[in-house]
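Peer 1: Submitted below is the structure of interest, expressed as structure tokens.
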């Protein structure tokens with residue numbers, strides 16, 4: 001590289017990481033807008049006249065319904081159109097939907113607004129991952145994905161901390177009169193405060209992020225780009241059906257535990273220990289930032305360590321270790337009578353529950369053919385989001401409402417639902433390790449046979 005090229009290379013290097021940083025900030029915003037609802041459960045239930053079950057539908061099903069199903073079509077769109085444009089439209093859409101949540105007058109209005117948040121957020125990750133793969137060499141791609149992924153836990157923590165701070169500021173305010181909107185409650189104003197700044201971020205992405213040139217495309221003999229039909233993807237999944245059944249279900253139950261705890265722990269600490277929303281927000285924000293942030297990094301390190309020791313099923317094995325580690329604290333953190341002991345147990349549970357973020361992705365990337373990876377991942381995200389986001393939050397509410405009939409028993413509901421889910425996760429992923437090794441061996445054999453035929 002000549003001296004004249006060095007400044008341009010440094011400029012390009014800085015710009016690449018600038019794009020990662022902007023996308024990570026967008027991911028932080030997305031989790032703040034997604035998670036802020038959990039912290040305001042009590043005033044929303046009171047003002048809209050909701051049960052725990054109805055609230056769980058707002059927090060889970062409403063968001064996950066189109067968030068899950070829109071992932072695949074948006075991923076296909078991101079392969080053909082401007083990815084920064086897709087991201088900026090998505091940010092603007094979910095930010096407006098979050099603000100509209102603050103204007104809700106009833107369950108249906110809030111449900112539709114939460115669907116809008118899910119639709120907008122579905123645009124971010126497929127387009128961001130696609131851009132990163134065209135911007136970075138393989139030896140730096142993992143770092144880019146890792147930094148971006150940290151945005152989810154920073155955002156989750158920020159939702160609790162910022163939300164708690166805003167709620168504290170508004171404690172002395174019962175209602176506020178806004179132009180056009182009229183009289184709104186403090187929790188409604190909170191949605192407006194956290195939602196509207198996203199419009200500025202959408203503008204920043206639109207004005208400063210360029211769509212990188214696409215590279216690494218496979219071509220046919222006639223020069224055309226090879227395409228993998230959806231039926232080929234289903235054929236691949238069917239040929240390894242035992243492996244993917246264990247993987248998809250096992251890691252989806254992981255998501256059920258993690259996302260469910262993120263949704264219901266504020267309500268538990270408010271009801272069981274008498275914390276205010278502000279106090280719960282500060283405490284849980286620190287737990288999520290430290291425990292989940294370190295857990296996702298440790299999970300990635302553990303996968304690399306197991307792989308270096310010769311375990312071809314390293315990602316699945318790391319998932320088993322995480323599930324074993326989270327089972328006891330998931331059951332126990334709601335059953336101890338001391339606040340600080342409960343928070344320590346919650347932190348341990350959150351640490352181990354963060355393992356599937358690198359583990360589930362790594363397992364799919366190792367096994368799946370290159371041109372099927374995005375679609376195989378999209379199928380997994382569809383299932384895991386429906387189970388984790390929709391089913392996970394609602395099951396707890398149903399047990400609380402239908403079995404106990406007392407909202408103060410939400411802690412026992414958490415222990416029952418997530419304790420059972422953790423045990424089943426261990427069984428599925430442990431069984432999946434064997435099938436995963438068999439699938440890897442079969443794919444290697446098929447690859448060797450194809451290479452032999454081509455060489456002949």
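Glycine is no exception: its Cβ is also placed from the backbone N, Cα and C atoms.
Keep in mind that TrEMBL annotations are predicted by a computer and have not been checked by a curator.
In case it's useful when we look at the structure, here is the feature table from TrEMBL:
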type	residues	note
TRANSMEM	15-37	transmembrane segment
DOMAIN	19-437	domain 'Major facilitator superfamily (MFS) profile'
TRANSMEM	57-78	transmembrane segment
TRANSMEM	85-104	transmembrane segment
TRANSMEM	110-132	transmembrane segment
TRANSMEM	144-167	transmembrane segment
TRANSMEM	187-209	transmembrane segment
TRANSMEM	248-270	transmembrane segment
TRANSMEM	282-303	transmembrane segment
TRANSMEM	315-333	transmembrane segment
TRANSMEM	339-357	transmembrane segment
TRANSMEM	378-398	transmembrane segment
TRANSMEM	410-430	transmembrane segment
Peer 1: Ranking 57-78, 315-333, 339-357, 378-398 by the number of C-beta pairs under 8 Å to the transmembrane segment (282-303), which range is first?
Peer 2: 339-357
Peer 1: Cβ under 8 Å, sequence separation of at least 6 from the ends of the transmembrane segment (85-104): give me the contacting residues as numbers and ranges.
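Peer 2: 23, 26, 29-30, 33, 36-37, 48, 74, 77-78, 110, 113-124, 127-128, 181, 184, 187-192, 194-199, 201-203, 205-206, 209, 211.
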Peer 1: What stretch, picked from 57-78, 187-209, 339-357, has the most CB pairs under 8 A with the transmembrane segment (15-37)?
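Peer 2: Out of the listed stretches, 187-209 contacts the transmembrane segment (15-37) most.
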Peer 1: For the transmembrane segment (339-357) and the transmembrane segment (378-398), does the number of C-beta pairs under 8 Å, pairs 6 or more apart in sequence, reach 3 or more?
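Peer 2: These two segments do not touch.
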Peer 1: What residues in the same chain, six or more past the boundaries of the transmembrane segment (248-270), come closer than 8 Å to it by Cβ-Cβ distance?
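Peer 2: Cβ under 8 Å, 6 or more out: 35, 38-39, 41-42, 52, 56, 59-60, 156, 160, 276-277, 280-281, 283-284, 288, 319, 322-323, 326, 330, 334, 339, 342, 346, 349-350, 353-356, 359-360, 379-380, 383-385, 387-389, 391-393, 395-396, 407, 410-411, 414, 417-418, 421-422, 424-425, 428-429, 432.
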Peer 1: Per the definition of 3+ C-beta pairs under 8 A with sequence separation of 6 or more, do the transmembrane segment (410-430) and the transmembrane segment (315-333) touch?
Peer 2: yes
Peer 1: Against which stretches of its own chain does the transmembrane segment (378-398) lie, if we need a Cβ under 8 Å and a gap of at least six residues from its ends?
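Peer 2: For the transmembrane segment (378-398), the nonlocal Cβ contacts are 51-53, 55-57, 59-61, 63-65, 67-69, 71-72, 75, 126, 233, 237, 247-249, 251-260, 263-264, 360, 364, 410, 413-414, 417-418, 421.
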